[in-house]
Amino acid sequence: MKKEKAVVVFSGGQDSTTCLFWAIEQFAEVEAVTFNYNQRHKLEIDCAAEIAKELGIKHTVLDMSLLNQLAPNALTRTDMEITHEEGELPSTFVDGRNLLFLSFAAVLAKQVGARHIVTGVCETDFSGYPDCRDVFVKSLNVTLNLSMDYPFVIHTPLMWIDKAETWKLSDELGAFEFVREKTLTCYNGIIGDGCGECPACQLRKAGLDTYLQEREGANN
């Protein structure tokens, strides 16, 4: 894959930034694509742009604001509380988001001569999101190949690892401090370690604490 080109679906968060570093190591050329779907914090787009600029990665932002018209949710509406009731989808779930993001990433990839698409979806910590499942990604991969008659390969480096292992991967890629300090995972728009209270921050911190304990134990 070292001679090929990839497009990374990129939000500027921990997972997609780790995937960006992974792609840089795996492919000869990498581009990043970020989607503006009127998310609560436009800082997410700015953060993604800054990271791409710092890493020297060509960065495209696509307007997907129609998602907010079709599927109101807590990631785009400040008047909706971030909740996750047992047996129900989280209020942060956006119907069709990964379906559309990966589809548009594929269109872009074909236009720029890339057949590899990288996304940070993860089934281990999928938080009740059906479009983060491996079966969905594999199904969409086949559909995209058929729809555009093009040999896309969707890569999911984080699919079967948890947050602690994601931190480990970033460390192995030499990007641990970069990911910790410069990414935006927090639903409240705080870069780095975040607010520590929202579900995204709690998941990130739990993984970080576990990995740091494991790393310390391995070094002793």
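For all residues, glycine too, the Cβ spot is worked out from N, Cα and C.
What Swiss-Prot records for Phe10, Ser11, Gly12, Gly13, Gln14, Asp15, Ser16, Thr17, Thr18, Cys19, Leu20 is ATP binding site. Swiss-Prot lists Cys186, Cys195, Cys198, Cys201 with the feature Zn(2+) binding site, giving sequence analysis as the kind of evidence.
Taking the mean position of the Cβ atoms of Cys186, Cys195, Cys198, Cys201 as the Zn(2+) site, the remaining same-chain residues with a Cβ inside 8 Å of that point are Thr185, Tyr187, Asn188, Ile190, Gly194, Gly196, Glu197, Pro199, Ala200, Gln202. Long-range neighbours of Gly12 (ATP binding site) (same chain, six or more residues apart, CB within less than 8 Å of its CB): Thr34, Glu44, Ile45, Cys47, Ala48, Ala49, Glu50, Ile51, Thr183, Leu184. Within 8 Å of the Cβ centroid of the ATP site, not counting the listed residues Phe10, Ser11, Gly12, Gly13, Gln14, Asp15, Ser16, Thr17, Thr18, Cys19, Leu20, the chain contributes Val8, Ala48, Gly120, Thr183.
Comparing Cys186 (Zn(2+) binding site) with Gln14 (ATP binding site), their Cα atoms are 10 Å apart once rounded.
Under DSSP, Cys198 (Zn(2+) binding site) is assigned to coil, being neither helix nor strand in the three-state scheme. For the binding-site residues Cys195, Cys201, the ranking by surrounding Cβ atoms (within 10 Å, all protein chains) places Cys201 first. A helical conformation is recorded for Gln14 (ATP binding site) in the three-state DSSP classification. The CA atom of Leu20 (ATP binding site) is located 20 Å away from the CA atom of Cys201 (Zn(2+) binding site). Of the listed binding-site residues, namely Leu20, Cys198, the sparsest Cβ surroundings within 10 Å are found at Cys198. Sequence-distant contacts of Ser16 (ATP binding site), defined by Cβ-Cβ distance under 8 angstroms and a gap of at least six in the same chain, are Val8, Val9, Phe10, Ala48, Thr119, Gly120.
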